[in-house]
């Protein structure tokens, strides 16, 4: 049960089909339980690692019962559970099992030291925005989805360019011939949007970025919009066009379909260790100033 800001029930979520993840998850569960917290597991995680002795819950049950969810895996795992728990405002702690992640910012080697401190109430909290999107065909909505990183309209690998008509708040912006168009949150600005030459948006910036994918005209540049913008993207030309949400769910599109995107009413709380720095994450992930000293890290 959730009681104010006090943590009582902790949910554990692990990346699926990952060798070597069972042992650290089981060790983390036992250490948290020893501290007096109730520990529950996301159901698929519990089945995959074969753990017994802890309740196995659906994401909806976790949202209703847990005070915080700890995710051990990569950014993709965090994105998936974040979308599912968004309606419940369950805070997330991200532990990276592998390379440094943008949103799973705690190294697995540090989790035993940092998690008890954070569960005791010593953490930094921030809210991350999401997008909600729907596909409209012949005037009727046929599909709805949330996206933590981005909504991407693109062509299949062997078809030609697509032509897209983009409008913002009911006002025509442009027709664009390209391989596709990315609509990204600030969190998603360091994902596919970044590889398509989009700008990095700080997670606390209230914005949405539109980034063309390999546009035919070099004048089609990325643009940052206010986060209350209502974006409509219509399929004007091309074939084998798809839309995906965080690269985790995909839907085929037809000519004249429209994808409507806006900021979701939901946000996802992220919990970070005291001293967390977004700029340190950027520097390490993007290999900026790789020879920085420890003093530089502390100053950031």
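In case you wondered, yes, glycine gets a Cβ from its N, Cα and C as well.
Among 52, 214, 217, only 214 appears in Swiss-Prot as part of the NAD(+) site alongside 75, 76, 149, 150, 177, 179, 190, 191, 192, 193, 194, 195, 248. Rounded to a whole number, the distance between the Cα atoms of residue 194 (NAD(+) binding site) and residue 75 (active site, proton acceptor) is 15 Å. Look at residue 214 (NAD(+) binding site): DSSP puts it in coil. Summarising the NAD(+) site geometry, the residues cited as binding it (75, 76, 149, 150, 177, 179, 190, 191, 192, 193, 194, 195, 214, 248) extend over a maximum Cα to Cα distance of 31 Å.
DSSP classifies residue 149 (NAD(+) binding site) as coil under the three-state reduction.
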